[in-house]
Amino acid sequence: MPLLTPLGVVIGIIVGSSFSIVQPPRDGWISPTVTILFGFMTFSGALSMNIRDFVSTIRKPRDIIIFFLGSHVLLPLLTYHAASLIFSAETDIPIGFLLLFSTPTAVTGYVWSSIYKGHEPLSLTLIVIDTLLAPFVVPLTISLISGASVSIDSASMMMSLLWMVALPSILGMTLNQVTHGRVSDTVVHVLKPFGKVALLIVICLNVSRIAPDILAMTWADLPIAIVACIAVAVTFIVGRLLSLAGVSGQKDRNVSMTFAIGLRNISAAMVLSISFFPPRSAIPVICGIIVQQSICAIMGKLLFPVRQSPARKDTAIVKDTARIT
């Protein structure tokens, strides 16, 4: 994943600067293609989600409430107003940062949570709820926080998220439930490579549409990339602090909350920024897409260091002793 997204950006820039078919007025085919591919990715991820775990977890809503307050109130507010202060001369850039942190939590959060021994049912529940509510929550968050500073076609954005995220998730979960998990054990592994290819194509197509704007960037735009890197890292710290405030003493739930709040579905943010906002609003999103997974790997090691087991420590001591003697 850390290599796939930058590769997609590079290919997208090359395609966008070389072929007129991805530029207006001949780019009308891109939006429906991206919607289909993104829906496929969401469907593939949802095939691993279990409705039973989802129902049992929502009976304890405290974690869910804290997650939503952090993901759709605190972080969007902080990033938008911070970006508005830093980039006061450009209204499009703060909107890009707002999009970056208003989209639903990333499905990859479940993978990172599993790596660090998180609470898997909680991770899946947060992904499912946030994904299903995205068509309503994302346009509302952007409208309320940005106010009158930007014109938003909320209805079109809602329909886009419905087809890309909500409906494929429902279909995937239902299919997994009907087959009693068999589809998760068999089909998911087959679809995984195709999901990565779909992600690569989605990134390529969206970046290709704004390739001229990316190529027009100068060293004066470097602060946008720097702020994006800092903002992505800060979200994990905020997620960690909120998880401690809500589920202190339960490390597995802390892990799941941290990655759920810290990781955003930036691919969705890129689709929305290019479809509904001026081209330069996509610059912070693209910067975020390039660095998110790498920063996630770093923050995971810093926030949840893996402690060496006593057996491994003894083995290491024996090896060191043997080396000295």
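Glycine is treated like the rest: Cβ placed from N, Cα and C.
Taken verbatim from TrEMBL:
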| type | residues | note |
| --- | --- | --- |
| TRANSMEM | 30-52 | transmembrane segment |
| TRANSMEM | 64-87 | transmembrane segment |
| TRANSMEM | 93-112 | transmembrane segment |
| TRANSMEM | 124-145 | transmembrane segment |
| TRANSMEM | 157-176 | transmembrane segment |
| TRANSMEM | 197-216 | transmembrane segment |
| TRANSMEM | 222-243 | transmembrane segment |
| TRANSMEM | 255-277 | transmembrane segment |
| TRANSMEM | 283-304 | transmembrane segment |
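With a cut-off of 8 Å on Cβ pairs spaced 6 or more residues apart, the transmembrane segment (157-176) and the transmembrane segment (255-277) reach 3 or more such pairs and are scored as touching. Sequence-remote contacts of a segment are chain residues at least 6 beyond its ends whose Cβ falls under 8 Å from one of its Cβ atoms, and for the transmembrane segment (283-304) they are 1-2, 5-6, 9, 83, 93, 96-97, 99-100, 106, 108, 112, 115-116, 203, 207, 213-214, 217, 221, 224-225, 227-229, 231-233, 236-237, 240, 251, 255, 258-259, 262-264, 266-267, 269-270, 273.
Ranked by Cβ pairs under 8 Å to the transmembrane segment (222-243), the stretches 64-87, 93-112, 197-216, 255-277 are led by 255-277. Packing against the transmembrane segment (197-216) from elsewhere in the chain are residues 4-5, 7-9, 11-17, 19, 22-23, 27, 30, 33-34, 37-38, 40-41, 267, 270-271, 274, 279-280, 282-283, 286, 289: each is 6 or more residues past its ends and has a CB under 8 Å from a CB in it.
Panel annotation: around the transmembrane segment (255-277), residues 31, 34, 38, 41, 63, 66-67, 70-71, 75, 92, 95-96, 99-109, 112-113, 116-120, 122-123, 126-127, 130, 134, 138, 150, 152-153, 156-157, 160-161, 164-165, 199, 202-203, 206-207, 209-210, 232, 235-236, 238-240, 242-243, 246-247, 285-286, 288-289, 292, 296, 299-300, 303-304 of the same chain, lying at least six beyond its termini, place a Cβ under 8 Å from a Cβ of the stretch. Proximity of distant same-chain residues to the transmembrane segment (124-145), defined by a Cβ-Cβ separation under 8 Å and at least 6 residues beyond the stretch ends, is recorded for 42, 45-46, 48-50, 53-54, 57-58, 63-64, 67-68, 71-73, 76-77, 80, 95, 98-99, 102-105, 107, 109-110, 152, 154, 157-159, 161-162, 165-166, 169-170, 173, 256-257, 260, 268, 272.
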